Each structure stands twice: as C-alpha cells, then as structure tokens.
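Structure record follows, encoded as structure tokens.
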Amino acid sequence: MREYLNFLKYIKDNGTKKGDRTGTGTTSIFGYQMRFDLQQGFPLVTTKKIHIPSVVHELLWFLSGSTNVKYLNDNKVRIWNEWATEEGELGPIYGKQWRDFNGEGIDQIAEVIEMLKTNPNSRRILVSAWNPCVVPSEKISPQENVAKGNSALPPCHAMFQFYIADNKLSCMLTQRSADAFLGVPFNIASYSLLTHMIAQQCDLDVGEFIWSGGDCHIYNNHIEQVNEQLSREPLDLPTLKILRKPSSIFDYKYEDFEFQNYKHHPAIKAKISV
C-alpha cells in the first residue's frame, strides 16, 4: 500500500502545525484522496500489523445497530472503551444512525441494499452517519454527552456512497477527521470489507474503494512512529475470502471472513488521543 505511505509523507511534508480538541497538537492538511482497486488485493496496511479482529468485530457491531461496547468487549475489542459510560453506552453513534437514523426507523443499510438491487444507476445510494441533532458538545465529556442523549463522539467517517459500473460495486468514504497513523488504515480496511460484503449480497463483483479525507492529521506524539513506518517497504496485499453467503447483510459472523496471505511488518504502538 504505497498509496498510504505517500499519504503519510504528504502530511509530513506539507502539513500545518495546529492545535486540536485533545490538546495533543497535530500536523494537518485539508483534503486528500486515495483509490484502491479491490480486484488487486485487499487494502490492509502491511508496513505494520493491523489487528484484524478489531476491524471485523467493529463493522459487525455497527451493522447490528448496537451502541453498547459489550459485544466488542466480549470479543476482546476495547477500542471504544475510553468514551463509553460505566454501563458501556456510547449514545447514538454509527450503528444507530446506520440502522435507525435519528430514532425514526430509517434503516439506511437496508435501503442501500434495496436500491443497489432495484435502482443501480441512482446517485442517491449513500449512508450518512452525520446527524446534527446528536453531535456532542466539546465543552463536556463524552459520558456527559451520552447522558444528554448525544453521541459520545461525532462520526469521523461521516458518509459513504456506492456506485455500480460494469457489474462492479465501488464505494467512496468521506472522512471529516482522519487520524492518519492510527485511524485511517483501520477505516480503509473496514469500508473495503463492507464493500465486499454488500457486493456479495447484491451478486456484484468488487470495484474500487475510494477514501476521501477532510482534516487529515498526524498527532505530535505519533511522529516517531510515522517515521518508522515510512522506513519500511510495503509487502504484497492479502486477499479476502468470504466463506459463505448469509441470507442478509446483517447475518455475517466473524468466522465468515478469511484474510489470506497477510504478510506484514511488526506492530507499531502509539497512544490514542481522547
């Protein structure tokens, strides 16, 4: 994934030093796009190890509509715990907006599947996780926001759109805020996996995954890790094999996915900015 290393280098070379909500500080650019041909391998970063269970379980959790971390914790995925209440609640985050937008029964995922099957040339085949009604206040804690009925965090990956050409399904993600070192490799893998799943459900081949970022930043406490990653040579991409076709997009299980020949450099640890 040379494209991803080019992205990191571009931020380092062209970014502006900025403060941020977390107080950590960043080097930031505005606007960047990467394209991945899903026919040429699954875009899983190889210059460090990506924790595949976190990618898969989080996506299945989103698709379930859940906003409580219990399922994640039961599967040893703790990436959301910092923002959850003592009861594990995160408020109306991704899963709620995808499956029951604004609490009004609008299942955006089901609607996308139906449109892809019945109106594949539509330019309205998209899902929005951004709901201004529940965007949290930056003046209070995530847990206090949840108590007020808001999300613990606003969605970083805010909207994604689908497009069919030559019987191939492509997906474009718009990410308003992009943690280049920790978050973006994860997001690329997650939405590429979702594209494969929806393509299977709609009897389509996969096309491209296009990642579009708004505020793309490297946190100041990730610079050393980014330099280490840039020193590494990318390896061949793995391939994804889906072992069965469930009856719906909501019925996949972790065991349905096999990432074949995932060769990678060692993991690089870094602190998340809360």
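Backbone N, Cα and C atoms are what each Cβ position is placed from, and that goes for glycine too.
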Given Swiss-Prot lists Arg123, Arg124, Arg176, Ser177, Ala178, Asp179, Asn187, His217, Ile218, Tyr219 for dUMP, the same-site residue among Arg2, Arg21: Arg21
Ser273 ((6R)-5,10-methylene-5,6,7,8-tetrahydrofolate binding site), number of other Cβ atoms within 10 Å: 19
Which listed residue (Arg124, His217) has most other Cβ within 10 Å, given these are binding-site residues: His217
Where the record names Arg21, Arg123, Arg124, Arg176, Ser177, Ala178, Asp179, Asn187, His217, Ile218, Tyr219 as binding dUMP, the maximum Cα to Cα distance in Å: 36
Arg21, His51 as binding-site residues, winner by CB count within 10 A: His51
Number of other Cβ atoms within 10 Å of the Cβ of Ser177 (dUMP binding site) across all protein chains: 19
